[in-house]
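Engineer: Please see the structure below; I have some questions.
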Amino acid sequence: MKMIVGLGNPGQKYAGSKHNMGFMVVDGLAKRLNLTIDKLEFDAATATTRLNGEKIFLVKPQTFMNASGRAVRELMMFYQIQLDEIFVVQDDMDLTLGKLRLRKRGSAGGHNGIKDIISATGSDEFCRLKIGIQHPQRQRVVDWVLTPFSKTDQPLIDDAIEKADDALEDWLNGMPFDQLMNKFN
C-alpha cells in the first residue's frame, strides 16, 4: 500500500496559490492515472487505484495546511498504512523556484503542514518531495504563499509539476528512494 499526500488549502480562494503546490502535483498525478480525487473521507479528498498489484491512495487534506496531520493520521490508522508507505508533497520557500528536493525524513523546516503531520503521527520518518517556491523579497511570507505564481513563472512551475509527477510515478513503480534522490535532486 502507498499513500501520496499533497499539501494545500481547500477552496477556490487558494486554488493556484504557491502554498498549494502539493495539491497541484497530486492533481497532475491523478490526471496521469485517470483518477478523480473526489471521495471525501477522514477530512480529506481521496482517490484510490491499484498499480502493480498494490493499492495506491492519492490524498488532499481538506483541513487547511496547518491541520493536515489529522487527515493523514486517520487515513493511516483506518487503512493500516505505515509511515514508510507515505510520500508527502509540499512547497518550500527555501528552495529556488521550481527546484525539486526529495528527503526520506527530517524536521519540518518551518513548514506548518509538515510540522502538524509530524505531531499527529509522532514521527518524521516519512518521505517528502519539496518544490521550491522561492523566498519573498520584501513581501510578508503569509501573503507570498497565498498568492498565485506570476505568468512569467508559470512555465517553470508547470515543468516542476511534471518532474514531480515523474518522481512519484517512479516511486509507485518501485524505484528505491535513494535512486529517486539521485535522479531528481
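Backbone N, Cα and C define each Cβ position, glycine as well.
For reference, Swiss-Prot lists these features for the protein:
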type     : residues                    : note
ACT_SITE : His19                       : active site, proton acceptor
BINDING  : Tyr14, Phe64, Asn66, Asn112 : tRNA binding site
SITE     : Asn9                        : site 'Discriminates between blocked and unblocked aminoacyl-tRNA'
SITE     : Asp91                       : site 'Stabilizes the basic form of H active site to accept a proton'
Engineer: Quick one: Cα separation, Phe64 (tRNA binding site) versus Asp91 (site 'Stabilizes the basic form of H active site to accept a proton'), in Å?
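Structural biologist: Cα to Cα, Phe64 (tRNA binding site) and Asp91 (site 'Stabilizes the basic form of H active site to accept a proton') are separated by 14 Å.
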Engineer: Which residues, same chain and not among Tyr14, Phe64, Asn66, Asn112, have a CB within 8 angstroms of the centroid of the CB atoms at the recorded tRNA site?
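Structural biologist: Here the non-site neighbours turn out to be Asn9, His19, Thr63, Met65, Ala67, Ser68, Gly113.
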Engineer: Go through the recorded positions Tyr14, His19, Asn66, Asn112 and tell me which ones have a CA within 10 A of the CA of Asp91 (site 'Stabilizes the basic form of H active site to accept a proton').
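Structural biologist: So far as Cα distances go, the recorded positions lying within 10 Å of Asp91 (site 'Stabilizes the basic form of H active site to accept a proton') are His19.
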Engineer: Taking the Cα atoms as reference points, how far is His19 (active site, proton acceptor) from Asn112 (tRNA binding site) in Å?
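Structural biologist: The Cα atom of His19 (active site, proton acceptor) is 11 Å away from the Cα atom of Asn112 (tRNA binding site).
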Engineer: Would you mind reading off the Cα separation of Asn112 (tRNA binding site) from Asn9 (site 'Discriminates between blocked and unblocked aminoacyl-tRNA'), to the nearest angstrom?
Structural biologist: 12
Engineer: Since the record lists Asn9, Asn66, Asn112 as recorded positions, which of them has the fewest other Cβ atoms within 10 Å of its Cβ?
Structural biologist: Asn66
Engineer: Translate the DSSP assignment of Asn9 (site 'Discriminates between blocked and unblocked aminoacyl-tRNA') into the three-state scheme.
Structural biologist: coil
